[in-house]
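**Q** Take this structure, written in structure tokens, and hold onto it; I'll ask about it next.
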Amino acid sequence: MSTKTPFETDRGNGGETHQHVPEKGSHAHDDTAHLTTNQGIRVSDNQNSLRSGERGPTLLEDFVLREKIFHFDHERIPERIVHARGSAAHGYFELYESLADITKADLFQRKGEKTPLFTRFSTVAGGAGSVDTPRDVRGFAVKFYTKEGNWDLVGNNIPVFFIQDAIKFPDLVHAVKMEADRAFPQAGSAHDTFWDWASLMPESTHMQMWAMSDRAIPRSLRMIEGFGIHTFRLVNAAGKSSFVKFHWKPKLGLQSTLWDEALKLQAADNDYHRRDLWEAIDTGNFPEWELGLQVFDQAFADSLPYDVLDATKLIPEEVIPIRIVGRMVLDRNPDNFFAETEQAAYCPANIVPGVDFTNDPLLQGRLFSYLDTQKSRLGTANFHQIPINAPKCPVMNFQRDGQMQMNVPKGRANYEPNSLTAHGEDGGPRECPMTGFRTAEGRPEGEEQGGKLRVRAELFADHYSQARLFWKSQTDSERSHIASSFVFELSKVQLQQVPLRVIGNLINVDADLAKRVAAGLGIELPKQNDPARTPFDTDPSPALSIQKNMKETLNGRKIGILIADGSDAAELAKLQKAIDDAGATPFVVAPKVGGAKLSDGKTTKADGQLAGSPSQLFDAVAVLLSAEGTKSLLKEGAAVQWVMDAFGHLKAIGSNPAAKPLLDKAGVVPDAGITALDANFPKAAAKRFWDREPNVRTLA
Ligand code: HDD
């Protein structure tokens, strides 16, 4: 439908409109920019409500006031029950090679073809107004607007999930979100109810290991992997079906923060990830991920010692290599957060011909939940007509009416079959047996059916083998982070029996891990919980480690440069250029945001004030000070803390000789990450110095 006012422009995107808000006073010059009500009536005065006399009562007849307040009163909609806090961007998927051999999905047919998409990243537990950097799983949801309809790949940044059956999802979410009576803690799992539940759910053990790892505290949304998690199916034109697992690999490599850094980031910038994504796109540094597939057949699935329908299991890349088939580029920020990011409605049930589900019981439950939740969140069964959700291909059916119906269907045909066409009327659309969605042929349905039972398949009972695999695949540094995260989380739990159950469970993963967690909490090692099925060991999978997969690159990173009055102008220019050349963004920090007077007498503006730009915002730092500058900063707690935190967060610190007293006061001890401001600095800045960690904090 189109009820466009003259003040809205059609953006040719599913009827998307853009309302012009005139600048103050501009209406005198621009004839198209008048302020109107939602009925299109021009508004003469947006400053004063209609009242009877200068000091008299405001009149009920003021429809301009009433409409404005009415609309404002209803601006908020229910936030998502999970994944409420998120940020999103537009972009495209580009196919590297035709996948016609394994799928008939249109977006996978032609090499080089681009498909528009909208991707939303989120935290899970916190509300819409919570912080960006809690320890949490990150949602990774991609809506592909294909020529054959929308396909939503609604995944996370962790390849497995807490539970095996959707019937447990409300319990998981109730347990992890803020506690029912007190409404805290917000956005975190470090509390009684989560660990009480988790300790009673051995199937969550593998995911607990991931959630306690550095995967749950990413450096940037641009540096996380994405996973479809479930085993899906691809179906080719001949009806042959293959199993598939979907992976997104970030071009910038994986990178995470340290726990102390994540905690301080929460104070430094609530919007750390949202801002990072926005700024990267805004400055043309478009984030990219490659799409990878693990494709396998029934015989291979049958040969595995775990069940491919179990979402608490993964298939190591070393067992089935990932076939990289295309890339996703996010190149446009939303025009409006609410209209697009907030109203985006993802649903794993949105698939296209050539992609199909499996009987994974977690996936099957999701197929119902999302459609259902969108109705209560967006208020109408017609939410698919909202521009961000509308397919970019024709939508034709006999569904009618409902709240907020935007379409105006013509004619009498609202049922099917009909013979109206034969009578010269438009009978409407018809079924398309050849190109329409069909459930995969060749499914071994016989083996997957049986009597009605509330049971799980036998191999689902193995809750520990892959948790062991994950633990074995980590570096020593990552293991100490995992053990310390368990200690931190359990230290917040007040129910005394809970840590004992968690540790008793961890003994099944690794005895040393369990001992370290007990020692970190200062409690006796409890007895081992009985495993439902004896775990087995496999070869480690290096692909599961972040540190083994980090790229030594400055691409997409940010380097803080601390200056003060008297800093050397030529050195600063040289440093900024070196950082820029290495692909990173230099960010100048000074005691005053107006800048510092440099050695050449000129004032250089700062990008941020010292007190508001702590070093956790940067991947590495440089300290460029004159002797006087150093002297004055020795008295500045924020400056000492700036250097101390960079050291404690294992970052490279480059400095000039005059800055040494500040480094000394911050307790900096020389190591490979402490460099002069020469060519060594950009090289060091591309790394974290894990070996330093035992010198700066006690880890479990
Ligand atoms: Fe879910 C949202 C990912 C299991 C029910 N989920 C939601 C989002 C992501 C995921 C990324 C946010 C989408 C957005 O950005 O709007 N969920 C997952 C993954 C799961 C998973 C990777 C397991 C593999 N979810 C899951 C189950 C259920 C749900 C088992 C229910 C039976 N999820 C929902 C939901 C949400 C949702 C309640 C909340 C808001 C929404 O859907 O739109 O329906």
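FYI, residue positions are counted from 1 along the chain as it appears here.
Placed from the backbone N, Cα and C atoms, the Cβ positions cover glycine too.
These figures come from a predicted structure and were not determined experimentally.
Pulled the feature table from TrEMBL, pasting it below:
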REGION    1-31  region 'Disordered'
COMPBIAS  7-31  compositional bias 'Basic and acidic residues'
DOMAIN    36-424  domain 'Catalase core'
BINDING   ARG80, ARG120, PHE169, ARG366, TYR370, ARG377  heme binding site
ACT_SITE  HIS83  active site
ACT_SITE  ASN156  active site
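Structural setting of the listed features?
**A** Across the domain 'Catalase core' (36-424), mean pLDDT in this model comes to 96.
For PHE169 (heme binding site), the same-chain residues that are 6 or more apart in sequence and have a Cβ closer than 8 Å to its Cβ are ILE163, LEU362, GLY365, SER369.
Mapped onto three states, the DSSP output places HIS83 (active site) in coil.
Annotation note: ASN156 (active site) sits in a strand segment as assigned by DSSP. The Cβ neighbour count for ASN156 (active site), using a 10 Å radius over every protein chain in view, is 25.
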**Q** Cβ-Cβ under 8 Å from ARG80 (heme binding site), same chain, 6 or more residues apart: which ones?
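**A** Spatial neighbours, sequence-distant, of ARG80 (heme binding site): GLY86, SER122, ALA128, THR373, ARG377.
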**Q** Per DSSP, to which secondary structure element type does ARG120 (heme binding site) belong, with helix, strand and coil as the options?
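**A** In three-state terms, ARG120 (heme binding site) counts as strand.
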**Q** Counting Cβ atoms within 10 Å of each candidate's own Cβ, which of the recorded positions HIS83, ARG366 comes out highest?
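**A** Comparing the recorded positions HIS83, ARG366, the most crowded Cβ belongs to HIS83.
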**Q** Between TYR370 (heme binding site) and HIS83 (active site), what is the CA-CA distance rounded to a whole number of Å?
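**A** Cα of TYR370 (heme binding site) to Cα of HIS83 (active site) measures 12 Å after rounding.
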**Q** Distance check, please: Cα of HIS83 (active site) against Cα of ASN156 (active site), rounded to an integer number of angstrom.
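**A** Roughly 10 Å, rounded to the nearest whole number.
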**Q** If you count other CB atoms within 10 A of each CB, which of ARG120, ARG377 wins among these binding-site residues?
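**A** The residue with the densest Cβ neighbourhood is ARG120.
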**Q** Rounded to the nearest angstrom, how far is the Cα of ASN156 (active site) from the Cα of ARG120 (heme binding site)?
**A** 11
